[in-house]
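Taken straight from Swiss-Prot:
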CARBOHYD  ASN86  N-linked glycosylation site
CARBOHYD  ASN240  N-linked glycosylation site
REPEAT    391-442  repeat 'FG-GAP 4'
BINDING   ASP465, ASP467, ASN469, ASP473  Ca(2+) 1 binding site
BINDING   ASP529, ASN531, ASP533, ASP537  Ca(2+) 2 binding site
CARBOHYD  ASN696  N-linked glycosylation site
CARBOHYD  ASN734  N-linked glycosylation site
CARBOHYD  ASN880  N-linked glycosylation site
CARBOHYD  ASN900  N-linked glycosylation site
CARBOHYD  ASN940  N-linked glycosylation site
CARBOHYD  ASN946  N-linked glycosylation site
CARBOHYD  ASN993  N-linked glycosylation site
CARBOHYD  ASN1021  N-linked glycosylation site
CARBOHYD  ASN1044  N-linked glycosylation site
CARBOHYD  ASN1075  N-linked glycosylation site
Amino acid sequence: MALRVLLLTALTLCHGFNLDTENAMTFQENARGFGQSVVQLQGSRVVVGAPQEIVAANQRGSLYQCDYSTGSCEPIRLQVPVEAVNMSLGLSLAATTSPPQLLACGPTVHQTCSENTYVKGLCFLFGSNLRQQPQKFPEALRGCPQEDSDIAFLIDGSGSIIPHDFRRMKEFVSTVMEQLKKSKTLFSLMQYSEEFRIHFTFKEFQNNPNPRSLVKPITQLLGRTHTATGIRKVVRELFNITNGARKNAFKILVVITDGEKFGDPLGYEDVIPEADREGVIRYVIGVGDAFRSEKSRQELNTIASKPPRDHVFQVNNFEALKTIQNQLREKIFAIEGTQTGSSSSFEHEMSQEGFSAAITSNGPLLSTVGSYDWAGGVFLYTSKEKSTFINMTRVDSDMNDAYLGYAAAIILRNRVQSLVLGAPRYQHIGLVAMFRQNTGMWESNANVKGTQIGAYFGASLCSVDVDSNGSTDLVLIGAPHYYEQTRGGQVSVCPLPRGRARWQCDAVLYGEQGQPWGRFGAALTVLGDVNGDKLTDVAIGAPGEEDNRGAVYLFHGTSGSGISPSHSQRIAGSKLSPRLQYFGQSLSGGQDLTMDGLVDLTVGAQGHVLLLRSQPVLRVKAIMEFNPREVARNVFECNDQVVKGKEAGEVRVCLHVQKSTRDRLREGQIQSVVTYDLALDSGRPHSRAVFNETKNSTRRQTQVLGLTQTCETLKLQLPNCIEDPVSPIVLRLNFSLVGTPLSAFGNLRPVLAEDAQRLFTALFPFEKNCGNDNICQDDLSITFSFMSLDCLVVGGPREFNVTVTVRNDGEDSYRTQVTFFFPLDLSYRKVSTLQNQRSQRSWRLACESASSTEVSGALKSTSCSINHPIFPENSEVTFNITFDVDSKASLGNKLLLKANVTSENNMPRTNKTEFQLELPVKYAVYMVVTSHGVSTKYLNFTASENTSRVMQHQYQVSNLGQRSLPISLVFLVPVRLNQTVIWDRPQVTFSENLSSTCHTKERLPSHSDFLAELRKAPVVNCSIAVCQRIQCDIPFFGIQEEFNATLKGNLSFDWYIKTSHNHLLIVSTAEILFNDSVFTLLPGQGAFVRSQTETKVEPFEVPNPLPLIVGSSVGGLLLLALITAALYKLGFFKRQYKDMMSEGGPPGAEPQ
């Protein structure tokens, strides 16, 4: 057999931490299945299973021992028992270190019993010397099960079956007998109706074992259906020794009927218990439509053995009987396993013992996934001869096909061992059960179920002692067929339950995205502490990733007895070798195979086994110390004769490389190349300090360091004046480390710890001006005013200024800050400084706004820094802060503005550090009242006219502002002049449906001599006439709302004769009033809230038309006479016909 050992150097590194992928050792064999299983032993040995290798005729599977020290593999010679036919040795492996033991199993031993072949298993327990012959478990294969069967047919011959169907039923019986016929099976047959006839007994069949010759002569009885009586007769007469029934044979009754029993004197309750006592296994076949009702189906269930789903067949007609022939045959074949009560199932005939295996303190634990109809279980061997079978069938009847024992793990709690078994096909979702021993009996005390159908939850198990205290903390449960759209497989992290608490899984581990068929979790192993944090790490295989090339994931343990949810390293098989397939299908870890004191990982692939070494883990400690500890004031304070480039001090930088892992490597052998960068004030646009050597704020250094401390001293300078002497100068150090390969240990390379601190900082503070006690005690105060502003008008100018004065009467104040609190409808706009008398220096102010909450309600705040970072002692600053007022703001009747001043000196607050001021608030309104064009503009009358005319004055009122408010509209209307009515009972009406209330009162004129006033101006208004004042209160006048108000009444003319004017103007006025304590008009808008309307009134004389008519008639006649005389004189009226005839041609001439 060819043997090759390859030392692979990966073309590209598998990024991660911290298994060495550059120098992976690969063992390769041509044996089929090599790498299917793998286990580490003490020393440098690895045992590999090749369960598919054909060793000899009827011998399959072999074991190989591979040694890191020799770099070779050799087969383990084993005397395989003759009965171990095709056992697939090496399909499962298990090992312990104390004492050193190896358990190797072949769970596919083929055992032939008569015409049946069963699958069992054998395991071999080795000691530390694999050349010595191992112990065998079980000591011998269990014998073949009982196979004698007596099968009786009870067929319905009642009159409801037509002859053609009866013949089909006989053909069905003959065919089934032919299929079940073998040397240890006997048949008998009874026909029943209301009569009963035994056509042949077991003894007669034994004498003539020809089914067709026995069945063909049978004729139909006809009559009613007495099924219950027929069953009793079969039990008592056919299953009788006198008729050839055998004492130790299985008793099987097959009942074929086409309907419910009818006219039978016996009930099923009279005969079924007797059949159960006699151990008769009953199958019933219901034919036809009669069994569609619930009652008839219940009759079939009553006849059949339990459970009915395994013993009842139902077909639509006799033609369909042939469709169930094979099903019935399989059911009866299954009986020849083991009989239990009235039903039957396999016990251990298909057990596949050793499908998974573990070594307990009591002895080997071998799983039997095929036991009891593949419900599964395990055998715990305390000696070769003594074993205990452990399963869940007694407590969970629905364990069929669960495969309990598919995976097994041992847990240790309080020095007591318990078992954890996986059943990945339990109810299709999978189950993992925990078993403990109680008074000598093993019982399940906790379980956890899967969540996805077909995920194979429990296909792999791994118990983990995270903190290495000797007690198991959690169990990893693999579900390699768990499916998501972008990844396949998952591993649940399940801490052990405490007390009687429910067992739950509190976390789930996944592989990388993009691998839906990855089978992540197909293999699990405890790796040990590979990163030096004293916590156990684990490895998880995903052999289906990258098109079955495979990958292995490394997860670190975490404090609190958990597993990190993200992997620290992913090792792809394709990166190690392009020929690898199913890399990660088996895993084993936790042993030091390379004799360097570090644990190693063994990974199985198809035809290959790879040994991956964990690497020494390093950490770096950095110390940076300044001398002096502070930058002196005379160095950083600038004056008129400033000198640049002053030396600020020096810093001592020390690096100490330390090893975290426990190993056998000598400290003097470990070296690494460390490159570190130093940066001063790296977060600032301009550094305040530089290195004297480079005149730059950064510096890079590369050194080869061992496991010792290395130091260097660097001088620092301040190149410019310091604007910020408060924040210390920050020196940052970050580094990278590359380990030097160790030639004495196969070029093993140290690595930097994954969670190692890579960034270090040190602070170089500035000396403070804080007196001898070095504690700065400022004395801050704040005041402010609204300057000349007496009232804030909302809706007027959008901005207003607040003049603020801040003083410091104490020592230097650090990071002084003024904070204003103001209503939400205000917003900060800008800040500007004012020159004051105490200081001529310029100040740095910067403000920013933020939301804040005070006890009184929601407020906004703006904070202004005063000359950051230092507000010097005995200083005063005055500045304006400008606020913007929303035109729709609602501030009440007063604006309350608060402010305080604070600093990082942490001095207690006083009444000087807080200030507040109130300012009255009014709201600007913009309203207009105008005279409408539809008002009466002109009226006239005659002196003799005693009637009155209707006159109206209309006004349009508009709210053009941004406020709704209540208003009053006041009209002044002249109604009497010198006790004579002018405008009689004027009324006010509105164009809109306004809610208003109007009331009137009279107002006396201001001048009593109205005639004198009229001579000055022909105007009748409230100065000379008695007026009616009409006030209409409107409670709500909305934004952009307008309406018309109309004054309407009768105008009398009697008063006019008391005047001597040709015309007069009647004037009414309208004015808008409002609450001026809340609202106000902007300057220049007062004229728009008042208006007046004028109507011109004048008298006229009615003319007499008679003189005009008479005069016109006489004048017309005289004019006509004159015209006629003139025409006569001119001869207009003379006849001239004769002249016209004489001027014509001779008589009789034709006209021309």
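Every residue, even glycine, has its Cβ placed from backbone N, Cα and C.
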**Study point:** Neighbour count (Cβ, 10 Å) for ASN940 (N-linked glycosylation site)
**Key:** 13
Study note, to complete from the structure: Here the mean pLDDT of the repeat 'FG-GAP 4' (391-442) is 89
Practice item. State the Cα to Cα distance, in Å, between ASN469 (Ca(2+) 1 binding site) and ASN240 (N-linked glycosylation site), rounded to an integer. Key: 67
Review point. Any idea which of the binding-site residues ASP465, ASP473 has the thinnest Cβ neighbourhood at 10 Å?
Key: ASP465
Check your understanding: Sorted by position, what residues of the same chain at least six away from ASN734 (N-linked glycosylation site) have a C-beta under 8 A from it?
Key -> TYR676, ASP677, ARG758, LEU759, PHE760
Practice item. Identify all same-chain residues not among ASP529, ASN531, ASP533, ASP537 whose C-beta atom falls within 8 angstroms of the centroid of the Ca(2+) 2 site's C-beta atoms; report them in sequence order. Key: GLY528, VAL530, GLY532, LYS534, LEU535, THR536, HIS556, GLY557
Exercise for review: State the Cα to Cα distance, in Å, between ASN86 (N-linked glycosylation site) and ASP537 (Ca(2+) 2 binding site), rounded to an integer.
Suggested key: 37
**Study point:** Nearest-integer angstrom distance between the alpha carbons (Cα) of ASP473 (Ca(2+) 1 binding site) and ASP537 (Ca(2+) 2 binding site)
**Key:** 13
Study note, to complete from the structure: Near Ca(2+) 1: residues not in ASP465, ASP467, ASN469, ASP473 with Cβ within 8 Å of the site Cβ centroid are VAL464, VAL466, SER468, GLY470, SER471, THR472, THR536, SER561
Point to revise | Close in space, distant in sequence - ASP533 (Ca(2+) 2 binding site), Cβ under 8 Å, 6 or more apart | key: HIS556, GLY557, SER660, ASP755
Review point. If we check Cα distances from ASN940 (N-linked glycosylation site), which of the recorded positions ASP467, ASP537, ASN900, ASN1021, ASN1044 wins as closest?
Key: ASN1021
Check your understanding: In the repeat 'FG-GAP 4' (391-442), how many residues does DSSP call helix, how many strand, and how many coil?
Key -> 3 helix, 26 strand, 23 coil
Practice item. Check the Cα-Cα distances from ASN696 (N-linked glycosylation site) to the binding-site residues ASP465, ASP467, ASN531, ASP537 and tell me which is shortest. Key: ASN531
Practice item. For ASN1021 (N-linked glycosylation site), write down the residues of its own chain that are at least 6 apart in sequence and whose Cβ falls under 8 Å from its Cβ; none is a fine answer. Key: LEU972, PRO974, CYS1027, VAL1067, THR1069
Revision key, fill the gap. Mapped onto three states, the DSSP assignment of ASN734 (N-linked glycosylation site) reads strand
Check your understanding: Which whole-number value in Å describes the distance between the Cα atoms of ASN531 (Ca(2+) 2 binding site) and ASN1075 (N-linked glycosylation site)?
Key -> 81
Check your understanding: Under 8 Å Cβ-Cβ from ASP529 (Ca(2+) 2 binding site), six or more apart in the same chain: what's there?
Key -> SER468, LEU535, THR536, ASP537, GLY557, VAL599, THR661
Practice item. Give the distance between the Cα atoms of ASN880 (N-linked glycosylation site) and ASN240 (N-linked glycosylation site), rounded to the nearest whole Å. Key: 120
Study note, to complete from the structure: For ASN1075 (N-linked glycosylation site) and ASN240 (N-linked glycosylation site), the CA-to-CA distance in whole Å is 120
Revision key, fill the gap. Quick note, ASN993 (N-linked glycosylation site) and ASP467 (Ca(2+) 1 binding site): C-alpha atoms separated, nearest Å, by 85
